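Here's what TrEMBL has on this protein:
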BINDING   F11, A42, L43, E44, V66, V67, I68, N98  5-amino-6-(D-ribitylamino)uracil binding site
BINDING   E71, T72, R112  (2S)-2-hydroxy-3-oxobutyl phosphate binding site
ACT_SITE  H74  active site, proton donor
Amino acid sequence: MAKFLIIEARFYEHLNDQLLAGAREAIAAAGHAHETITVPGALEIPGALALAAETGRYDGFVAIGVVIRGETYHFEIVAGESARGLMALSMDGLAVGNGILTVENEAQAQVRADPAQKNKGGEAAQAAIAMFELKKRFE
Ligand SMILES: Nc1c(NC[C@H](O)[C@H](O)[C@H](O)CO)[nH]c(=O)[nH]c1=O
Ligand SMILES: CC(=O)[C@@H](O)COP(=O)(O)O
């Protein structure tokens, strides 16, 4: 049994709850364990993941968050830099699934967060599990 850390940016409570449910269900269905930590926003996720990875306690990581476009360039910063940070960590050899939604509006987010619809939380968890298994194959 592997242990996955879910790192969630709790920016939109109701959407986060659904993404989290999907991620937890996917990890449990694969027979693995999980813990969750919460950070303020998507920009904090890569830093928190890097700190957690240093402990050596986790086999993989799932990033959960929602970024909805506002009026300013801030959307591009939060969406792009959080993804860039996660990509850098995966290039360092960590098993990472990116479940940070980057959407135009709440309706798009709702469909993607709902485990009964697009289930992007579950999809991100499955990606982390797949990368964890790939790592094991190469060890
Ligand atoms: N606008 C959204 C944010 N913004 C906050 C940043 O992620 C960050 O916490 C702040 O800039 C302090 O460093 N975060 C989200 O997760 N979603 C958003 O829509
Ligand atoms: C991530 C965003 O774009 C948003 O939450 C920030 O909104 P705004 O650009 O209107 O300040």
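Cβ atoms here come from the backbone N, Cα and C positions, even for glycine.
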Ligand 1 is in the model; which of the binding-site residues F11, E71, N98, R112 have a C-beta less than 6 angstroms from one of its atoms?
F11
So if I draw a 10 Å sphere around the Cβ of H74 (active site, proton donor), how many other Cβ atoms end up inside it?
12
Based on DSSP, name the secondary structure state of I68 (5-amino-6-(D-ribitylamino)uracil binding site): helix, strand or coil.
strand
Measuring Cα to Cα, how many Å separate H74 (active site, proton donor) from L43 (5-amino-6-(D-ribitylamino)uracil binding site)?
11
Would you count the other C-beta atoms found within 10 angstroms of the C-beta of E71 ((2S)-2-hydroxy-3-oxobutyl phosphate binding site) for me?
6
Express the distance between the Cα positions of T72 ((2S)-2-hydroxy-3-oxobutyl phosphate binding site) and F11 (5-amino-6-(D-ribitylamino)uracil binding site) as a whole number of Å.
17
Cβ-Cβ neighbours of I68 (5-amino-6-(D-ribitylamino)uracil binding site) (radius 10 Å):
18
A 10 Å Cβ contact count, applied to the binding-site residues A42, L43, V66, V67: which residue has the minimum?
L43
Of F11, A42, E71, listed as binding-site residues, which ones have a Cβ less than 6 Å away from ligand 2?
E71
